[in-house]
Amino acid sequence: MATVINPPRDPNTLSNYNNWVSIHITANFDILFDQKKLAGNVVHRFRSTTRGESRDIILDTNHLDIGGVKVNGQPSSWEFLPRLEPYGTPLKIKLDQAVELDETIEVDISVTTTEKCTALQWLTPAQTSNKKHPYMFSQCQAIHARSIFPCQDTPDVKCTLDFNITSPLPVIASGLPVRKQPETSKSEGKSLYQFHQKVPIPSYLFALASGDISEASIGPRSVVATSPDKLRECQWELEADTEKFINAIEKIVYPYVWGEYNVLILPPSFPYGGMENPIFTFATPSIISKDRENIDVIAHELAHSWSGNLVTNASWEHFWLNEGWTTYLERRVSDASVHGEPYRHFSAIIGWKALTDSMDHFGHDHDFTKLITNLKGKDPDDAFSSIPYEKGFNFLYYLETLVGKSKFDDFIPHYFNKFKGKSLDSYEFKATILDFFQADSEAAKALNEVDWDKWFYAPGLPPKPDFDTSLVDVVYDLAKKWLSLPGSSFKPQPNDIRGLSANQIVVFLEQVLVSEHQLTPELSRLMGEVYGLARSNNIEVANLYCQVGMKAGDESVLEPTIELLGKIGRMKFVRPLYRNLQKFNRQRAIETFQEYKDFYHPICRAMVEKDLFGKKEE
């Protein structure tokens, strides 16, 4: 009988997932706030994908304490293999007997996290909004689940999950909550919280949070969860659009499969805009801008319920399949279906600016500017940028324009049905779209003429589409007027920006920021005063105005910049602010980072250290 060989597709895991596949995990954890640890056990059900040839199960771990391993209820021998940076320490579990193809075994691992865990952030009461209780949350993407529990930490493996979590404070997890009164142990003051995830998910979507959390309805299948003192304002921000977004995307793809769609608004040190943890999107409080202008983050994370969470990139080298598709769907939903087609183009223009910024950061010939990256031996976090989002979006938009929007609309549900519950790479995507359109001679001809290799492997910017600029022309004109000063007769008035959306003001500030013409410090200060920019509740606006001011050498933005850096941990804002601050006043940049580094999430802290010091500080 021939040996079964299943080549692994993911270079960022040390597990032998080509021989064993985890099909269900039960996670039993006690949240120990005093020790800043999770302690408990995880039970994997593994299916053999060989004919008894593999007698070892190798799992990813990173800085974990293992208490013991049982296989089918019996103690089993195990060992740590040599550590390999940046992937951690493989855990090798020995099996006493062969397991035939498609047979399953149960592996129970006793585990405690350590202070070196990269997936968890522990906040003191002082770091929360109402300053009453400690708080913890996880961020497992891309390869941080392995620092919570031993697993096959790859998006190429998906399994169902049960969570049994004990905590003195309310718990959120990436499963459907069992909505009954949690059982409380009177002696310890802790309660058991249970969640079930019946849709198979990859390890990076394992999520936990616990703290002083309350919930309020934002739709017929949705709640927002956050600190009690912020609950009303978060509810107001999200209740008008959440169900509208779900309905819009269901029309484009197919019905939502996860049961509930909820949003957890985290404390301000959360490093991303949002994380698409199933059933509970984790989101930054920076979207709560009191004007409902920043909730495109919710449209984006909701779109992940189809692209990414149901249909997943097989490895982080093909990350554009998650993020390019999600950005495409987000713009079809929050922009085209809610605001109209010109708004989709307006968002794409904002995205193009983010794309060029990322290209400039890496260098236009860098490997990380390709659609398909080479991550062998690399940390996927180092490649994280807007490139997979925006270059991916532009590729899909290009394909849409080639075949026509209505035909592309027929392809969308076909694609998401074909790979529902599966992981795929770029080559399978290419084969699928070519196959779908092969009977349509016109579309097939156009797709066969696409330079696929150039799109997949060429570094740098793709061709720029011919976007509808109607919503940006007015702010381009306003930027030109400012850049004509002091040599023109333009007199800035508050009326200049009346009627503009916050996102239009963002584009205005970006135009000023990228111009080779530099504002004087006096003009920068005037802009802030006349338009009220430094005082804006909308952090997208306030952060860009601070960058404009620093570029102009305007000392008046120094304190607002430092204040912003002390109250938000979202990398989208923190990293550019530090990069600009160090050019403006390196000493203050370093002092500010030293003051606030414990406020930032470990992922954010490591990235800013690289930005400021060139490499991670020891």
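Glycine residues also receive a Cβ, built from the backbone N, Cα and C atoms like all the rest.
Annotated peptide binding site per Swiss-Prot: Q139, C140, Q141, P271, Y272, G273, G274, M275, E276, in sequence order. In the three-state DSSP assignment, the secondary structure recorded for G274 (peptide binding site) is strand. All chains included, 24 other C-beta atoms sit within 10 angstroms of the C-beta of G274 (peptide binding site).
In sequence order, G273, G274, T326, T327, E330 constitute the residues six or more apart from H300 (Zn(2+) binding site) in its chain with CB-CB distances below 8 Å. Look at H300 (Zn(2+) binding site): DSSP puts it in a helix. The Zn(2+) binding site annotation in Swiss-Prot covers H300, H304, E323.
Under the heading active site, proton acceptor, Swiss-Prot lists E301, citing sequence analysis as support. For E301 (active site, proton acceptor), the same-chain residues 6+ apart in sequence whose C-beta sits under 8 angstroms from its C-beta are V263, G274, M275, E276, T281, A283.
Sequence-distant neighbours of Y389 (active site, proton donor) (same chain, 6+ residues apart, CB-CB distance under 8 A): W320, E323, G324, T326, T327, G351, A354. The annotation active site, proton donor is assigned in Swiss-Prot to Y389 on the grounds of sequence analysis.
Binding residues for peptide (Q139, C140, Q141, P271, Y272, G273, G274, M275, E276) extend across at most 15 Å, taking the greatest CA-CA distance. Long-range neighbours of Y272 (peptide binding site) (same chain, six or more residues apart, CB within less than 8 Å of its CB): Q139, F282, T284, R570, M571, K572. There are 26 other CB atoms within 10 A of the CB of E276 (peptide binding site), with all protein chains counted. Annotation note: Q139 (peptide binding site) sits in a coil segment as assigned by DSSP. With a 10 A radius on its CB, H304 (Zn(2+) binding site) counts 24 other CB atoms from all the protein chains.
Listed in chain order, the extra residues whose Cβ falls within 8 Å of the Cβ center of the Zn(2+) site residues H300, H304, E323 are G274, E276, E301, A303, S307, G308, N322, W325, T326, T327, L329, E330, Y389. Its Cβ taken as reference, Q139 (peptide binding site) is surrounded by 25 other Cβ atoms within 10 Å in the chains shown.
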